[in-house]
Amino acid sequence: MKEELLKRFTKYVKVDTQSNEESTVCPTTPGQMELANILVTELKEIGMQEVTVDEFGYVMATLPSNTTKEVPVIGFLAHLDTATDLTGKNVQPQVHENYDGKDIVLNKDLNVVLSPKQFPELADYKGKTLITTDGTTLLGADDKAGITEIMVAMNYLINHPEIKHGKIRVAFTPDEEIGRGPERFDVEAFGAKYAYTMDGGPLGELEYESFNAAGAKITFNGNSVHPGTAKNKMVNAVKMAMEFNARIPKDEAPEYTEGYEGFYHLISLNGDVEQAKAYYIIRDFDHLKFVERKTHIASIAKELEEKYGEGSVELKLNDQYYNMREKIEPVKEIVDIVSAAMRNLDIEPKISPIRGGTDGAQLSYKGLPTPNIFGGGENFHGKFEYVALESMVKATEVIIEVARLFEEKE
């Protein structure tokens, strides 16, 4: 299993599937369709049935039931795209066997070092096989580890018919990282009663609570005048953006929050005297606090527009997804069965809120309750991203065990 996981994973991460928020097509980048087509071929090769990919890059496939019992159809999902934070082009995965617990030099020329001093959780991986970047790209374990684990689990079940299971559906979706994954996902065609995203982090993670999420695009329209004659005429759009940001609580940012604490996050700011554009994301687990945060953003925009004149501040505020706890708690047994599967494999479940979102958050509101299971990766979205091969083995085994337990309990 280890060899197959390593072979598939290192193949998938070399396909550049970074999504693009500025694109209006789906998938937003051609690399996602490239990987989708690769997976379609491989799904057919391992013996999956009803393998399809639509024009938008959504891959679906079926592993038929091999039991006479009436077992609910379950699904496993992972996303094709990688994050926009750092390039996913020319990913060169590095394999470090029997990790010694010390610094890993990812890139000598650029002096990029993965160090337990900065990332103390590395101590947990001593003796394991780590797959890292070369220090110039992200790795793409988010979520190609999940894709790999689903592929290997399905292949294992096909080759081990003695493990009884109901009908299993798998899906690989585009554009999750920019919040569009479920937009064109056909829940009815997928046909599962429950599903799981393999999109979590370290070993044991199990999540059924997510942020409420919104995005705020703000355009500041200034007035550029020659600085020599600018008195009482110039309006500096960049300074307007700075003034806007100064009114947001400094301690309510990602770098100062944890657990159930929400935040405002300035993703990007660019511009000049004439015009500046800022993009914020707004996150909170509590719905009332979420609404308050959006109201605060809107009130700052209104106050600045009143100060600088009509049309000086343009705000586009949109909800992205909601806390899926509300939809999963009524069927909490689907979380409990994963906990049982983990314990059967000597994994202690670590149930915590997702300080982020998965396709499952939106799918749960479309009628498909979808908790999130660990994929094994650490430090997602950056050059220090890595995954332990042994964690990928465990995630694969969890998929297999969940399928077995659903059949056993009927």
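Cβ coordinates are placed from backbone N, Cα and C, and glycine is handled just like the others.
Owing to the predicted nature of the structure, the values given are computational and were not obtained by experimental measurement.
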Same-site Zn(2+) 1 binder from Asp16, Asp134, Asp142, given that Swiss-Prot records His79, Asp199: Asp142
Rounded inter-Cα distance in Å - His79 (Zn(2+) 1 binding site), Glu177 (Zn(2+) 2 binding site): 8
Of the recorded positions listed as Asp81, Asp142, Asp199, the one whose CA lies nearest the CA of Glu177 (Zn(2+) 2 binding site): Asp81
For Asp199 (Zn(2+) 1 binding site): intrachain residues, at least 6 apart, with Cβ closer than 8 Å: Leu77, Ala78, His79, Asp142, Asp143, Gly146, Glu176, Thr358, Asp359, Gly360, Asn372, Ile373, Gly375
His381 (Zn(2+) 2 binding site) to Asp81 (active site) - Cα separation in whole Å: 11
Residues close to Zn(2+) 2 site centre defined by Asp142, Glu177, His381, Cβ within 8 Å: Thr82, Ala83, Asp85, Leu138, Asp143, Phe380
Assigned conformation of Asp199 (Zn(2+) 1 binding site) - DSSP reduced to three states: strand
Cβ neighbour count (within 10 Å, all chains shown) around His79 (Zn(2+) 1 binding site): 26
